[in-house]
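Q: Okay, so TrEMBL annotates it like this:
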{"type": "BINDING", "residues": "Gly107, Gln108, Thr109, Gly110, Ser111, Gly112, Lys113, Thr114", "note": "ATP binding site"}
{"type": "COMPBIAS", "residues": "268-278", "note": "compositional bias 'Basic and acidic residues'"}
{"type": "DOMAIN", "residues": "27-362", "note": "domain 'Kinesin motor'"}
{"type": "REGION", "residues": "244-299", "note": "region 'Disordered'"}
Amino acid sequence: MAGASSPPSKAPAEPHTPDTEASKAECVCVAVHVRPLVESELAEGCEHALTVTPGLPQVGHGAHRFTYDHVFGGDMGRPAWELYGACVAPLVEGLFSGYNATVFAYGQTGSGKTFTMGSSGFGARPEEARGVIPRAMEDLFGHVTQRPAMHCTVRVGFVEIHNEEIRDLLTAAVGGGGAGGGAGIKIREVPGQGVCLAGAAEVEVTSREELAAVLEAGSVLRATAATGMNRRSSRSHAIFTVTVEQRRMEEGEDGAGGPRRCSTASQEDTHGGGRSGDEAEDDAAGEAPQAAASGEDEGGAGSYLCAKLHLVDLAGSERLKRTGATGARLQEGIDINKGLSELGNVISALSEGKPHVPYRNS
Ligand SMILES: Nc1ncnc2c1ncn2[C@@H]1O[C@H](COP(=O)(O)OP(=O)(O)OP(=O)(O)O)[C@@H](O)[C@H]1O
Ligand SMILES: [Mg+2]
């Protein structure tokens with residue numbers, strides 16, 4: 001799993017001063033989540049292929065050792081429930097300071113990416129086993145309630161890349177028609193906004209329950225199928241995008257006219273017993289370096305921020321001999337491997353600072 005954060009596309013006029021834990025840390029963090037053996041593996045007498053070096057974020061395979069930022073799970077890794085707090089919570093917090101971020105779950109088919117992201121079956125999982133996405137949703141609306149001085153608008157988009165085509169999982173999920181709608185979604189570069197998916201739906205949500213319902217409905221539409229290595233193998237790369245827009249409310253303003261203030265079930269409770277409005281306002285002001293510096297907003301310093309979080313559950317890399325794929329599954333496997341290989345090339349080009357990044361090879 002990898003998480004990365006970057007400043008918003010509208011760069012500040014002044015040099016940017018990082019002010020959150022997310023921005024103080026490295027901008028790319030790579031963590032390993034070692035899953036336990038599943039029933040079928042136990043029945044076959046399989047053993048763990050990886051060892052975890054005690055006290056180090058390091059895994060071993062044979063004579064090789066690989067060091068990461070974190071290792072969770074396995075006999076010696078950090079407890080799996082700590083993954084969210086260590087890797088993703090700072091990114092969700094950073095959203096409210098205007099930082100864009102992406103979390104990728106990457107790995108071989110059957111290694112536990114979909115389970116780790118928690119993009120399906122949330123209701124069925126016990127609290128401590130919830131995945132990254134449900135935790136992020138809860139956390140996100142927690143942050144909203146802590147900012148009573150801001151109008152917050154939360155919008156979500158959900159697409160999958162299946163056989164090299166982008167399909168909208170939201171169009172159908174919100175009642176727009178057949179499964180995997182949105183044919184004709186195009187990748188466009190819009191001046192001032194960066195890369196956009198033209199034709200993909202975005203839906204405004206006002207509570208974590210609404211957000212969960214949209215995600216769950218979209219997940220059901222996602223392409224999955226049984227292969228020789230996973231009974232419910234994801235056959236597509238799924239991208240769940242949350243956009244948080246914040247605008248500072250003017251004195252006496254009740255929220256009409258501008259971006260709607262987010263309401264959550266616990267908002268009144270927070271007003272009544274927890275932090276005061278002033279405290280929350282101080283926080284919001286302190287965490288808005290970009291807008292404060294840019295002066296682009298009519299409302300003045302720190303009055304408007306917008307940032308996106310992409311939560312990506314990639315399809316798994318496959319050895320086609322081992323998955324036993326034929327026909328449609330085989331074509332999916334070929335496209336999955338191609339997409340992952342090109343993603344690797346993009347990340348290499350970015351990390352090496354190459355002048356050409358092959359974004360459009362896949
Ligand atoms: N941490 C975990 N604890 C218990 N079971 C797990 C865990 N992670 C994964 N599993 C189980 O392992 C199996 C494979 O997991 P999953 O479908 O998430 O893999 P995947 O990496 O998404 O595979 P693919 O690339 O084929 O989509 C599932 O049965 C899942 O329930
Ligand atoms: Mg999967």
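Including glycine, each Cβ sits where the backbone N, Cα and C put it.
Could you place these features in context, so I can see how deep they sit and what lies close by?
A: Using a 10 Å radius centred on the Cβ of Thr114 (ATP binding site) and all shown protein chains, the other Cβ atoms total 25.
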Q: What kind of secondary structure is Gly112 (ATP binding site) part of, going by DSSP in three states?
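A: Note: Gly112 (ATP binding site) is coil by DSSP, not helix or strand.
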Q: Over the domain 'Kinesin motor' (27-362), what is the model's average pLDDT?
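A: The answer is 80, the mean pLDDT of the model over that range.
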Q: As a test of the contact definition, list every same-chain residue at least 6 positions from Thr109 (ATP binding site) whose Cβ is closer than 8 Å to its Cβ.
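A: Same-chain residues close to Thr109 (ATP binding site) (Cβ under 8 Å, separated by 6 or more) are Thr227, Met229, Asn230, Ser233, Ala315, Gly316, Ser317, Glu318, Thr323.
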